[in-house]
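First comes the structure, then the notes that go with it.
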Amino acid sequence: MTGRGPASGEGVERDEFELPGVPDGFQRLWTPHRLAYVRGEDTSVEQPPGCPFCNAPDRPDAESLIVHRGEHCFAVLNLFPYNPGHVLVCPYRHVADLEELTDEELWELNTLTRTAVRVIREISQPNAFNVGLNLGPAAGGSISEHLHQHVVPRWTGDANFMPVIAQTKPLIQTLGSAREDIAGAWPQA
Ligand SMILES: [Zn+2]
């Protein structure tokens, strides 16, 4: 392993508001295996002090939802996914702007993004992806002080009527099992 920090720790308690996640206006209806297991995320709660992207690498992967640790950057599941398998790729360093990245960080940000697309495509067979950066709060980034690249798998028809009428997205997979799937399929260097 070339990255930093602990890499194990199944079964640990997860403190949602210290973990990497980009809150949005949606609540989430969790439907793992389509059972009647409903969980609503309260995205109106503010994040506590401290940067979740800086804190995540200090925690075990299973707790922080990290799917891969690189040398300069890491990939982590978004705690507030737009779709199952929504991955964020970020540098370990707390930098806000693209211009602040070193060549090494920029290279690894993009190679990890490419691998994330490859892995998610293999696991979930999405029809398309949205990949990109929101630089600055006005661009829609709610944790804009620590740069992160979104990798969002898309399926035809995934923006269905539910987000529109109820501000609720149905997700068919828990974050823990999604992390295990992606981390397990990530190629080892
Ligand atoms: Zn940070």
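Counting starts with 1 at the first residue shown.
Keep in mind that glycine also has a Cβ here, set from the backbone N, Cα and C atoms.
Over in TrEMBL, the protein carries these features:
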type	residues	note
ACT_SITE	His148	active site, tele-AMP-histidine intermediate
BINDING	Asn78, His150	substrate binding site
DOMAIN	52-161	domain 'HIT'
MOTIF	146-150	motif 'Histidine triad motif'
Around the residue listed as 'active site, tele-AMP-histidine intermediate', how many other CB atoms lie within 10 A of its CB?
23
In the motif 'Histidine triad motif' (146-150), how many residues does DSSP call helix, how many strand, and how many coil?
0 helix, 2 strand, 3 coil
How many Å separate the Cα atoms of His148 (active site, tele-AMP-histidine intermediate) and Asn78 (substrate binding site)?
10
Cβ neighbour count within 10 Å of His150 (substrate binding site):
21
